[in-house]
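A short write-up of the structure that comes next.
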């Protein structure tokens with residue numbers, strides 16, 4: 001698997017704890033982990049059985065021809081094998097007798113050697129007259145406990161004694177505490193990264209004033225991550241508690257929720273998904289045909305056609321990869337997820353983490369649901385888009401009365417327009433971006449292609465990333481699999497037409513762009529990542545085109561435009577750091 005960054009999520013300033021805590025393993029944590037690990041153990045056992053069955057099948061294929069599934073000719077071969085086995089047993093028996101004789105001879109020789117060595121040792125010790133050792137007279141040498149007291153050193157304070165290091169541990173802890181400190185002016189970025197078949201979350205700290213970017217800590221994941229969503233609701237607790245959490249959707253049908261205020265965590269704070277003993281939901285890596293080998297008459301192995309595990313979508317949990325997550329900022333205990341199993345699930349985070357989904361929406365789309373997002377202005381309304389080329393808008397209290405439209409290609413990204421409560425943007429696989437008004441969509445069960453407010457041909461290939469600036473009206477960013485990141489200015493409607501212009505376009509060296517998003521606290525800062533597994537922070541205010549088009553709007557926000565240069569902040573390579581040192 002090639003290295004890549006599949007998703008990036010900004011964390012608002014002030015949301016993280018100033019001094020993150022270390023992961024502590026106590027009895028309560030062990031009990032919690034044991035409950036969570038049950039799922040992992042079941043999966044590991046299934047993978048082990050699959051590997052063994054595959055290995056046995058490969059051995060049989062590489063042997064002297066295929067074995068017969070039933071009796072007949074195979075029985076004759078079985079009698080010949082038994083005869084050959086008897087002959088081998090006779091030869092093995094003779095070899096065993098020879099080995100026993102040789103072992104006996106070696107033991108006798110070793111015993112004789114030990115006896116001779118003991119006698120020689122006794123002859124050597126006679127020179128010391130050990131039998132009369134206690135009767136010898138002392139020669140009067142002073143060897144008391146305090147005979148060398150003049151050479152001792154005395155310190156009035158332990159801190160002055162170089163051999164007393166009681167404070168060294170405290171100093172190390174204080175130094176580590178300072179290194180892990182997060183200031184209120186810092187932004188965190190959570191990066192979903194897969195490198196050399198190892199998937200993890202990397203938590204970056206970005207200091208905009210110093211243009212400093214570094215990895216704060218990381219968390220290992222069991223499967224490749226596909227989507228991220230930040231939330232401040234503590235899973236399994238009351239709505240009054242606030243924290244700093246990241247929800248992760250992976251190739252597995254589970255949603256993991258990790259605390260970002262805990263360093264070196266081993267297990268997530270919560271897992272939303274199948275119960276441990278459920279046999280119908282399998283990880284994506286195991287939801288394939290599994291070879292089965294059985295033992296037939298006469299001890300012969302018979303090959304059977306592999307059986308495919310039965311995976312059925314249900315109302316309680318997902319059974320396939322999690323493709324999108326969205327957290328409700330008004331009703332903080334609600335998290336929505338879309339999956340490759342063609343369903344959308346609604347989760348109540350205030351319930352015990354082992355609880356099933358609060359609600360499931362199973363009939364909205366006919367293919368994998370790529371994106372889902374809550375409306376920030378109407379907190380009960382969800383927007384969803386799928387690979388069947390349909391987009392739906394529905395109230396979670398009455399999903400049967402949904403509205404929707406057919407688009408020209410598979411949906412890649414969806415975004416509600418923060419400046420238009422009923423408006424949203426859709427990016428597609430064919431390189432187009434379209435804007436719609438949800439009040440103008442049809443109510444038919446099979447939606448037809450609706451009229452878009454405007455259409456933008458943004459890229460030559462799939463528009464894999466889309467974001468709308470919440471500080472500058474009309475500013476949007478798109479990223480595509482053509483490696484380009486583009487900033488657009490969507491002007492006001494004039495005579496029934498929208499004036500949309502390209503402000504700047506740039507290849508930031510991240511490969512195919514999988515994530516391009518604006519910083520929630522700064523109007524011109526972008527985080528971009530993609531198929532080359534590196535993260536780039538782009539301060540777009542250094543670009544002349546951005547200054548020209550958005551200059552007045554930036555000044556109204558109090559944004560300084562004095563910066564110049566490339567405006568790129570990236571993580572320093574190890575080679576560059578070693579050269580500087």
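Positions of Cβ are set from backbone N, Cα and C atoms, glycine also.
Here is what TrEMBL records for this protein:
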{"type": "COMPBIAS", "residues": "49-62", "note": "compositional bias 'Basic and acidic residues'"}
{"type": "COMPBIAS", "residues": "63-99", "note": "compositional bias 'Acidic residues'"}
{"type": "REGION", "residues": "49-99", "note": "region 'Disordered'"}
{"type": "REPEAT", "residues": "315-357", "note": "repeat 'WD'"}
{"type": "REPEAT", "residues": "362-397", "note": "repeat 'WD'"}
{"type": "REPEAT", "residues": "456-490", "note": "repeat 'WD'"}
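The average pLDDT the prediction assigns to the repeat 'WD' (362-397) is 96. Helix, strand and coil counts under DSSP for the repeat 'WD' (362-397) come to 0 helix, 18 strand, 18 coil. Shown for the repeat 'WD' (315-357): DSSP residue counts in helix, strand and coil, namely 0 helix, 17 strand, 26 coil. Secondary structure counts, DSSP: the repeat 'WD' (456-490) has 0 helix, 20 strand, 15 coil.
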